[in-house]
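Trainee: Just passing along the structure, written as structure tokens.
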Amino acid sequence: MKPPENITTIEQMEADNAMLKQNACAVCAETYDDRVKAQSPHCKFGEGGICCKNCSMGPCRITAKAPRGICGADAHAIAARNYLRSVAAGTSSHSDHAREILHVLRNASPEGNYKIRDEQKLLSLAKEWEVPTEGRDIYDIARDVADIGLMEFGKPEGTQRFVSRATPERQKVWAEQGILPRAIDREVVTAMHMTHMGNTADAEFLVRQGLRTSIANGWGGSMLGTEVTDILFGTPTVRTTEGNLGVLEKDMVNIVVHGHDPVFSEMVVTAAEVKELTDYAKTKGAKGINIVGLCCTANEVAMRHGVRMAGNFLQQENAILTGVVEMMCVDIQCIFPALPQLAECFHTKFVTSSPIARIPGATHIEFKPETAFQQAKDIVKMAVDNYQNREASKVCIPPSKKNAVVGYPTEQIIKHLDGVTNSHVDELGSYKPAIDAIKAGVLRGAVAIVGCNNPRVRPDYSHFEIMKELLQNDILIVATGCAAQVATKAGLLNYDAKYYCGAGLRRVCELVHIPPILHMGACVDISRMMLLATGIAKDWGVDTTQIPVVGCAPEWMSEKAVSIANYVVSTGLDVYLGIEPQVSGSAQMMELITEGTRKITGAGYIINTDPHELVKNILAGIEAKRTALGI
Ligand code: CUV
Ligand code: SF4
């Protein structure tokens, strides 16, 4: 049987890229693969994590001849300090993003630009935090909830509130191991302090602080980000959309929203629907305005509005190379500084909006919540005005696009498990049907596939191969971030993907009417995955570390991913990595991240750069968990 039309191949995906590369050559534009060549071979010291520049006696590089830095720090101390700094940066990124959104919630008002869309979620968070709700205005409650959320960043004592959502066993582990996170800022600052010249040189304690700092992300900043985004913009529900560069339209004004913070992209999406602007686009000869997303912003707006997804991380240059993007507007994180220069080879306007992501060559329009809607309308108008500058000779849109079903937060997953006819979503739902299917062996387990794509390996290929093979082996997949978008581009997010599934998984998908890969959102929404695993474990009556559920980041690249991998391990779930963390210059660090953390949290990394081998590792890991559970 040949694959259904809705599923593509890696070769087709690569052919699209090659076509756009030709367009780049035609305008003499440089792209990431040129820079990969220029940067190769990579610096061995950096790769192994054994270059230290934490003080100006250095930089110090560790070799056989020079096994210690000037201060005496060895390879283990240096690699561990660098690693902890990555965790701190990743935690900061997700958490600072969440903090911005909390400020928006704090200032939300019925007359303002931002309103409360999910009152239910706000009320249940208020209840969890013991904020009085009886007879109060919803916006007053929002302000109190936001204030408490903001205190999570800097409160002088206590630990992160959301850790109480973890299994009791997990909370005990964290407390006993001394890794319960205090205020988010405190953990990041402690990490920076510990890694200052002349502080901690014992790798194990740096790894422990990495776990603690990461829990402040997964069970702190990221979880706050997800909750508050749902409150402000609505908890996602299932909807159908499309993905890949074929969503760009030849005869429409194309605007790409790229980045992470929905406070910006939500407003641009809303502005693009304003009749006055779509009419204006028509006066300029376009058929309308086409908003598409890129990177995690794509996930956010697809899940809440069905906005189509242009692609993932390594497709950001490709979007501009199509020659039909009137404007790319970005907020924060994962944005190539190369983009303004590339945009100059075309008519594309490149707009930055955040004071913390300024890029030379960009048009900067600082986005403010108070003036958001007007600013978004101005931005959209600017894109419309740019339509007439498009050069027909430079247009090249790969036709590829696939249908995708998106929008599976935990609330939605429970609802499906309850039976599609039962439309209410409340706390009474349970994961029992999924647990029964796992116990019966119809499903062997579940894997969360997350993270970026990366030219260190054949981009998207690792994701694609791992997904297909896991489906064949009756493993349900949940996906976020750029991984979810590989699934989108490949056609694996639609019901036809059951073509790849083993008999058991196919039966489950048909029974509860889900695609075999569930799109759970953006990278901050990996917090949803932690709650999913926790919900399953609680309903099972075991700890998270016992269930046959693991994480996998086949092509991760960012510091956020390092922080995520750490909080997933802290939650007790093994993490399978297709890219090696930059600590290989220290045998002790390699041991600590693969085995050492098991003694602390019960989980660790399994690293294999060959996707097929990694799948074997995952399957073996899942079967071992099953055996231990006696199923
Ligand atoms: Ni935040 S972190 S490339 S966009 S998943 Fe995509 Fe997701 Fe990695 Fe960035
Ligand atoms: Fe070298 Fe030590 Fe300074 Fe690092 S902290 S640069 S190892 S002297």
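Note: Cβ is positioned from N, Cα and C throughout, glycine not excepted.
Model, not experiment: these values are computed from the prediction.
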Trainee: Check TrEMBL for me: it has Cys296, Cys334, Cys452, Cys482, Cys523 binding [Ni-4Fe-4S] cluster, so pick out which one of His260, His347, His364, His463 it puts in that same site.
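Mentor: Candidate listed by TrEMBL for the same site: His260.
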Trainee: Can you match one of Cys28, Cys71 to the [4Fe-4S] cluster 2 site that TrEMBL gives for Cys52, Cys55, Cys60?
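Mentor: TrEMBL names Cys71 for this [4Fe-4S] cluster 2 site.
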Trainee: Considering only the binding-site residues Cys43, Cys52, Cys60, which residue has the minimal Cα-Cα separation from Cys296 ([Ni-4Fe-4S] cluster binding site)?
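Mentor: Out of the listed candidates, the nearest Cα belongs to Cys43.
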Trainee: Does anything in the same chain, at least 6 positions from His260 ([Ni-4Fe-4S] cluster binding site), have a Cβ under 8 Å from its Cβ, and if so what?
Mentor: His97, Cys295, Cys296, Thr297, Glu300, Asp331, Ile332, Gln333, Cys334, Ala522, Cys523, Val524
Trainee: Would you kindly give the Cα-Cα distance separating Cys43 ([4Fe-4S] cluster 1 binding site) and Cys52 ([4Fe-4S] cluster 2 binding site), rounded to the nearest Å?
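Mentor: Roughly 13 Å, rounded to the nearest whole number.
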Trainee: Could you say whether, by DSSP, Cys452 ([Ni-4Fe-4S] cluster binding site) belongs to a helix, a strand or a coil region?
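Mentor: Once the DSSP labels are grouped into three classes, Cys452 ([Ni-4Fe-4S] cluster binding site) ends up as coil.
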Trainee: Which binding-site residues are spatial neighbours of Cys60 ([4Fe-4S] cluster 2 binding site) here, meaning Cα within 10 Å, out of Cys43, Cys51, Cys452?
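Mentor: Neighbours among binding-site residues, in sequence order: Cys51.
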Trainee: Using a 6 Å cut-off on Cβ distance, which of the binding-site residues Cys43, Cys51, Cys52, Cys55, Cys60, Cys71 come close to any atom of ligand 1?
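Mentor: Within range of ligand 1: none.
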Trainee: Listed binding-site residues are Cys43, Cys52, Cys296, Cys482, Cys523; which sit with C-beta under 6 angstroms of ligand 2?
Mentor: Cys52
Trainee: Just name the most isolated of the binding-site residues Cys43, Cys296, Cys334, going by other Cβ atoms within 10 Å of its Cβ.
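Mentor: Looking at the binding-site residues Cys43, Cys296, Cys334, the Cβ with the fewest others within 10 Å is that of Cys43.
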